[in-house]
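Record features (TrEMBL):
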REGION    102-122  region 'Disordered'
COMPBIAS  102-117  compositional bias 'Basic and acidic residues'
REGION    165-184  region 'Disordered'
COMPBIAS  172-184  compositional bias 'Basic and acidic residues'
DOMAIN    190-216  domain 'Zinc knuckle'
REGION    223-244  region 'Disordered'
REGION    262-288  region 'Disordered'
Amino acid sequence: MASAFADDALPPEGVYDSREALFKAINEWAKPRGYAFTTVKSSKTPNGRVKVVYACDRNRLPPSHAVERVRRTASRKTGCKFSVLAKESLDRSTWILGHRPDKECGEHNHPPSEDPAAHPAHRRLEKRDAIRISNLATSGSAPHITQPLQILEPRRVIDAFDQRRTQPVTSTRREPSAFEEIEGRRRAPRCSRCHAIGHIMTSKACPLRFKDIPAPLAQKVKPTVEPATDQPVPARTASAEPPSSVVDLSMHLEILRGLDQSVRSPSAAHMPNSRSPSPPRMPSRSEDDMLQPAVRYDAPEAIYARYIASRQAWYDAQPAGSIKTNQQYRKAMGLPQRYDKQSYEWCLDYKQMSALCVTSTGRRSWTKEEMMAYLDWSNAEDERVEAQVAKEMGDNPLANARRGVKEIWQRIERDSREQEALY
């Protein structure tokens, strides 16, 4: 093998159909001349054309001898700058091979290799060669015999099945499975609330399922006071007696009704023999009103009810044919059309409206209209309190010195009573 490269070491310039064809052609040119090409760098020009630099496969710099290395391995790298330039055409259909203008890019700094196998690019087998080698490796050998997988199944005991059969042989109904047989023999559940056997605490059959609901609401859902009838009432057994909590609730309701009647008619309360079997009911107060708990003026339900009443009064005052919507009402009253997310999160705090609304049928989420009504009332209360404080302080704020927390709480309690009486 020659110790120096020939003068025609550079591949000739030309045009190729594809990038793969160009790379294959320059490596076929370099193979008999003792070197190989590898891709060093690829980039794109401003107009989008791809540009690739193919250089000698020994172009990398060798490791430094001044650095003490753990593994004393050899390296083929010599820092050779021999390279060519391939560029895509303007129409993106062909590739153009060209030489680089630098002189050092056309010369090697190492001798040519003695065998093409010294270069990984020349050791790569083509597809047809790989198939041929595979065929030669397997030629003359017996085919690999594989054993089929054994599928293990339980032995079918026909006689035992016939012995426990409950249906006739001609029947098309299937026999109950083991799960169905065991399910029928399971012990009945015990309720953890009323300790009765046959249901669980969330079942509708539990007599104490309304225990966690407030008493007036529980009375609405399930009345405990039975109406008087002329039909004979069957005797109650020990298992049919109502729970003690339900009996106590009905007794307390009767006591409260009697106290209410005595307060409304004091003359009858002082008479010892003035009790009548059927006391007259007050026409101004129905049974539903007495069952309803007292609602404070600052409760969200009361605030929303006042908001609805005010809006309905505004609707009634508008001429026929006019637009009557909640947005028009808020615009006429100077109320904000919307609130930000932080305001809605604030009013759902447990110190304001709380997260859920408790109704006779359970709990639900607050509607946006209810939250907006509460925010309107809160803003109006803040403005009212600020105006009241400014009026009390007057022009000389230092004259009204603070007297302590007790006085502040007394003032708050007095203001709360005044607002309660106002509403």
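Positions of Cβ are set from backbone N, Cα and C atoms, glycine also.
What you are looking at is a predicted structure, and each value in this text was computed from that prediction instead of being measured.
Note on the region 'Disordered' (102-122): DSSP counts are 9 helix, 0 strand, 12 coil. In the predicted model, residues of the domain 'Zinc knuckle' (190-216) average a pLDDT of 81.
With DSSP classes pooled into helix, strand and coil, the tally for the compositional bias 'Basic and acidic residues' (172-184) is 7 helix, 0 strand, 6 coil.
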